[in-house]
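Over in TrEMBL, the protein carries these features:
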type	residues	note
BINDING	A:TYR15, A:GLY42, A:LYS109, A:TYR132, A:ASN188, A:ASN288, A:ARG384	substrate binding site
DOMAIN	A:36-401	domain 'Aminotransferase class I/classII large'
BINDING	A:TYR72, A:ALA108, A:LYS109, A:TYR132, A:ASN188, A:TYR219, A:SER247, A:PHE248, A:SER249, A:ARG258, A:ASN288	pyridoxal 5'-phosphate binding site
MOD_RES	A:LYS250	N6-(pyridoxal phosphate)lysine
2 protein chains.
Amino acid sequence: MTKINENYRKLPGSYLFTEIARRVTAYGQKNPDKRLIRLGIGDVTRPLAPAVISAMHAAVDEMGTMEGFRGYGPEQGYDFLRQAIAEYDYQARGAEIAPDEIFISDGAKSDCGNIGDIFGVDNVVAVCDPVYPVYVDTNAMAGRAGEYSEAVGRWSNLVYMPCTAENGFAPALPESKVDLIYLCFPNNPTGAVATREQLQAWVDYAESRGAVILFDSAYEAFISDPSIPHSIFEIEGARRCAIEFRSFSKTAGFTGNRCAYTVVPRDLERGGASLNTLWNRRQTTKFNGVPYVVQRGAQAVYSDAGRAQVRETIGFYQNNARVIRAGLAGAGLTVSGGENSPYVWAKTPHGMGSWAFFDLLLQQAGVVTTPGAGFGPSGEGYIRLSAFGGAEDTAEAVERIRAVL
Amino acid sequence: MTKINENYRKLPGSYLFTEIARRVTAYGQKNPDKRLIRLGIGDVTRPLAPAVISAMHAAVDEMGTMEGFRGYGPEQGYDFLRQAIAEYDYQARGAEIAPDEIFISDGAKSDCGNIGDIFGVDNVVAVCDPVYPVYVDTNAMAGRAGEYSEAVGRWSNLVYMPCTAENGFAPALPESKVDLIYLCFPNNPTGAVATREQLQAWVDYAESRGAVILFDSAYEAFISDPSIPHSIFEIEGARRCAIEFRSFSKTAGFTGNRCAYTVVPRDLERGGASLNTLWNRRQTTKFNGVPYVVQRGAQAVYSDAGRAQVRETIGFYQNNARVIRAGLAGAGLTVSGGENSPYVWAKTPHGMGSWAFFDLLLQQAGVVTTPGAGFGPSGEGYIRLSAFGGAEDTAEAVERIRAVL
């Protein structure tokens, strides 16, 4: 009899977005005349940049001709894209990353999930709280998380690093022994960023203990403060202890176009094995590369026109973030994030629970947010608002919220 | 200290295609004036169908507008594509498969590799010999294969099902207990197909033992014999014991476009768990869907024009297969495959080894093939030839081989 992976049985339901959808649907049925504004979901809304569109059309044309057709590409991605990334995203910022350390993929979610393949099941995993659920769920599937307790909303074998107002949403270095450390800056959901000094402390910590940092910088394009590093590889020593996940999803609006990349430095070894070699083996065995057309689109993000166009779109979203942040602060809420991030993290008023405040804003303002409790126990008492909507909608949502408060 | 997945250390090098490349490069350096013809690799060479190109252009245009832009799509794929697949690939052949049993992905290789996520490590896995290496390597990575012996070219815990001339390249039902059974028809590398009766025997076997068949039908479009099933789900009982992998790679030339799908029936349960639910959880947690533009291209494969165009390209490759098969048979080689498959499986003459015959054809005919031994011990004494080249090249390669023999 075939045995299933028993770890799957331990997973709680994907409660958060299902429950939001249920409540939103119920509201819509009771209030068919009310127009909802959605600041909940972390998905972009602006079209792909003209430079990307042109490059994709040209690539589609190539694929329709005998001369231009491309079959299987390199599993690791085409050199033209790996080189552009190495040059613009790393070398331009003083981070020495070579093209063969960059693995193009269909998404940071895939890579964050699949990276566990190359690590043993007996590693101790540390995650922030609140946290992007993919880090947690994929480790639970692999058997690293232990047992889930509904009562405390935590897994028995994970080390949780609370990110709270008290520590400025900057997790403290773990006191217990950990082997794999997931960090995400700019953070989802809190919108917090890490300074150079904070990142150096993490790298030093990981290096001294032989731990590996899994660094998710999917939101780096939203950093406006020039002192904040965009990559862990801007930090001395990171090449020996870190893997970085990046994506075109939020940088260039590729959520529906699917392109990302993971950087595994050649200096990173554990147990005498090169993690670059292991990840290469994983990808060449279980993955067959990203569509040629999509990789040409991603390459165009680095053209002069592409960079200018993408920057303009990021600026559009950054302005939304400012509007949300200033509007809610002006209404008396305690807010953080939104300055170097597309997410604003707002404390609920009067000690209200996340879901209660979510309901209040849904029912009385017709605005959909995300309850912070859905990202982990330390998210209780917060909501997340996303800057990825339209400018008018965002302004109206903020006005409606202010009116309710 | 972070521990790596120790199973990776047990993997032998990806010897086959690396070694072929090494020998081909050496030949090219010694013979710079000779034109090589490559019938080794299983990659398509004809451009995408005009209907696909049009659909992709239209989708790229949509992605460049506020109204048409699509962000995150459903992880399982868009309904428009799942419905077309259910209708044309299944219901039209009498197989009752519903759209929500179809999961769109970026490749059959990915799905064949990732499917192991939902199964326990303690399942006994059966594979054909010779075999597509991904089934073996991914199970080795997961810890199901045991130890590899270079001497016998096999893993200690896998159950190998020899496919030889004696059994007509049709594996016998295993005598020992197995839980997961990988089958691939039309087969890579032998080009063999399975009759309805043979598949029924497999389904009955799996059903009676509670095993699960992992059925790879990536090459079904090459079946010309109307009595041969294209899908395991044409077989009574398969909905309770099988998962099927399909791809647009060989069907519609999508190797560089990346689109495939996996069918997990709702009737398939093990240990009280629905495998459809488990796979859905895996995909929604570790995957974020296929590019919108690519899914629109795949949908166009099912349009009237798309079906006619794709059929024409398949016919082109089928003709190559006939030329290879007839030519080598006429030269006195024992050949199989190539009638319902893009692969011809040729016995080496005079008991010559796979690699020796590969070298002979490379050195004396300037033709690149694939040594059967690279697919497993039972592939020794065979070579694989692919029908995915150009028509003139294929004819010339066959003439060159005949001249050598």
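Even glycines carry a Cβ here, placed using N, Cα and C.
In three-state terms derived from DSSP, A:GLY42 (substrate binding site) belongs to neither a helical nor a strand segment and is classed as coil. Of all the binding-site residues given, namely A:TYR15, A:TYR72, A:TYR132, the one with the smallest number of surrounding CB atoms inside 10 A is A:TYR15. Non-local neighbourhood of A:LYS250 (N6-(pyridoxal phosphate)lysine): A:GLY42, A:VAL44, A:ALA218, A:TYR219, A:ALA221, A:PHE222, A:PRO342, each in the same chain, at least six residues away, with C-beta under 8 Å from its C-beta. Each of the recorded positions A:TYR72, A:LYS109, A:LYS250, A:ASN288, A:ARG384 was checked for a CB under 8 angstroms from a CB of chain B; the ones meeting this are A:TYR72, A:LYS109, A:ASN288. Annotation note: A:ASN188 (substrate binding site) sits in a coil segment as assigned by DSSP. Annotation note: A:TYR132 (substrate binding site) sits in a coil segment as assigned by DSSP.
Look at the Cβ of each of the binding-site residues A:ASN188, A:SER247, A:SER249, A:ASN288 and count the other Cβ atoms within 10 Å; the largest number goes with A:SER247.
Classification of A:LYS109 (substrate binding site) by DSSP places it within a helix. Between the CA atoms of A:ARG384 (substrate binding site) and A:SER249 (pyridoxal 5'-phosphate binding site) there is a gap of 19 Å, rounded to the nearest whole number. Across the residues of the domain 'Aminotransferase class I/classII large' (A:36-401), the predicted structure has a mean pLDDT of 97.
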